[in-house]
Amino acid sequence: MLPAALHPDSLWRPLEQLVLPPIIRDWMADPDSLTRRLKRYGHFSVVPGLHAIALPRADERRLLSLPVRRAALIREVTLHLDDTPVVAARSVLPLTSLAGANRSLGHMGSRSLGLELYNRPICQRDQVWARLASTDQHHSLCWGRQSRFIKRGAPLLVAEYFLPALWEKLHVARCVQASWLHDKAYLYASIRGEPTDAVRLSRF
């Protein structure tokens with residue numbers, strides 16, 4: 001399952017407005033294929049989860065300019081390194097975006113959607129948005145990013161959550177964990193509607 005947002009008011013915010021630890025920003029702001037990058041660190045695999053025609057969430061609908069009752073293909077997967085889940089991903093593909101040469105995007109199975117997006121013709125990518133999410137009942141935190149892609153003129157939305165196991169794999173887990181107290185301060189300021197530009201997340 002994808003991480004659940006800690007609070008419905010913990011909204012997506014433009015990535016460039018956030019002060020993040022360098023290692024997290026490096027991954028969140030990387031414009032290239034996440035799949036290709038992950039493959040450098042071990043055996044990569046995609047484990048499919050939800051794959052259904054359903055109504056997008058309100059924030060997803062707004063970013064895709066979809067009518068309120070317009071369904072889309074929702075796909076949720078986890079990306080694994082050496083059989084360990086390191087990224088949870090959710091894609092929202094309007095049915096009108098799955099026509100013609102884009103039809104294969106709706107039948108990815110255990111293949112990486114990211115690799116397909118970066119195959120020719122290479123997709124266009126809009127602004128990157130970010131937010132915090134919880135990963136389990138203990139409220140372990142992770143950062144997620146969301147981007148809108150345009151493939152052959154058709155829009156789709158991809159959200160990726162970087163799970164704690166990724167930082168363990170990169171041997172930087174201790175540094176990332178040290179930043180969570182500051183990250184929580186940012187999140188709770190967001191929930192309360194307080195200014196977040198004064199909440200500086202830790203650096204390392």
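Cβ from N, Cα, C; glycine included.
Swiss-Prot annotations:
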type	residues	note
BINDING	Arg75, Leu113, Glu160	substrate binding site
*What is the Cβ neighbour count of Leu113 (substrate binding site) at a 10 Å cut-off, with all protein chains included?*
19
_Among residues Arg75, Leu113, Glu160 annotated as binding substrate, what is the maximum Cα-Cα distance? Answer in Å._
12
_Need the DSSP three-state call for Arg75 (substrate binding site) to compare against my parser._
strand
_Cβ-based neighbourhood (8 Å from the centroid) of the substrate site, residues Arg75, Leu113, Glu160 excluded_ = Glu76, Val77, Ala89, Arg90, Ser91, Gly114, Val158, Ala159
